[in-house]
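Quick notes on the structure that follows.
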Amino acid sequence: MSWIIFYTVIAALLILDLRIIHKNNTIMSFKESVLFSLFYLVIACLFGIYVYYNTGADHAREYYTCFLIEKAMSLDNIFVISIIFQFFKIPWQYQHRVLFFGIIGVIIFRAVMIYGGIILINKFAWLLYIFAVILIATGIKTFYVSHKTFDIQNSYIYKSIIKNLNITPNLEGNKFIVKRNNKLYCTPLFISLVLIEAIDLVFAIDSIPAIFAITNDVYIIYTSNIFAILGLRALFFCLAEIVERFSYIKYSLALILIFISFKIFIHHYIAIPEYVAFTVTMTLLLFGIIASIIRKNMIDH
């Protein structure tokens, strides 16, 4: 029943998005972007309340902790998506179409990765320690790298697409694939969609291990992941303002990843309660937000 409720909510949100909010491919303003981002955030929080009443406080804390971590780590996806759209010169009115179908792929691929990861961890418990090392490396790198980049022209995926598929030189409206002379051609819109899906899989290698350190409950991991990613599409359209206002969140995220790694290494000796993990995650993110706001105000004055 819980899965039915989850997928019903997701389906309703996607239908609302495609058929009502973006029915005419209109460009989303900054104000609309912020409002819809808050709307998705409220829905995610309400679902957390449902988890609380359905499975208890511990699972609810796990859900919110996983949601916050995935939300923070997914911000880098926005940078790379922006690079991809700029590279292929995708107009604003078509970007939402790519992002919409991108989320469909994410729903499928994240399920495969999460289920596969849980099976591997249950069979090979030592994999968690490898994940911990990955998280430490990611956390340290986050301190020194402003944001993740993506060299499109030299990427294996882009080269493979160009080599093996027929590509149209220009956009064909909002179409992903067109037919010419009895041959199918992929448009730049389709290539950008494939690259965005591929990048999400790469970034998931960083974020999903962090979630596995919080819980191995498939329902909690998957639902928190999808709700966190859903709001990113709206968040994309106010990217510049977010980056400017909350520049210190990346340092909070780095500390969270290192804390989670520490939690993995000591869990056989000291079990850190989920409310502690949730409190640490919330506190570090709040410090990052507050520090960013203070810095912005100091610069403005």
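Note that Cβ sites are derived from N, Cα and C of the backbone, with glycine treated the same way.
Summarising the annotation, Swiss-Prot assigns transmembrane segment to 1-21, 33-53, 72-92, 101-121, 124-144, 194-214, 220-240, 253-273, 274-294 and lists sequence analysis as the type of evidence.
Proximity of distant same-chain residues to the transmembrane segment (124-144), defined by a Cβ-Cβ separation under 8 Å and at least 6 residues beyond the stretch ends, is recorded for 205-206, 209-210, 212-213, 250-251, 253-258, 260-261, 264-265. Counting Cβ pairs under 8 Å to the transmembrane segment (72-92), the stretch among 1-21, 33-53, 101-121, 194-214, 274-294 with the most such contacts is 194-214.
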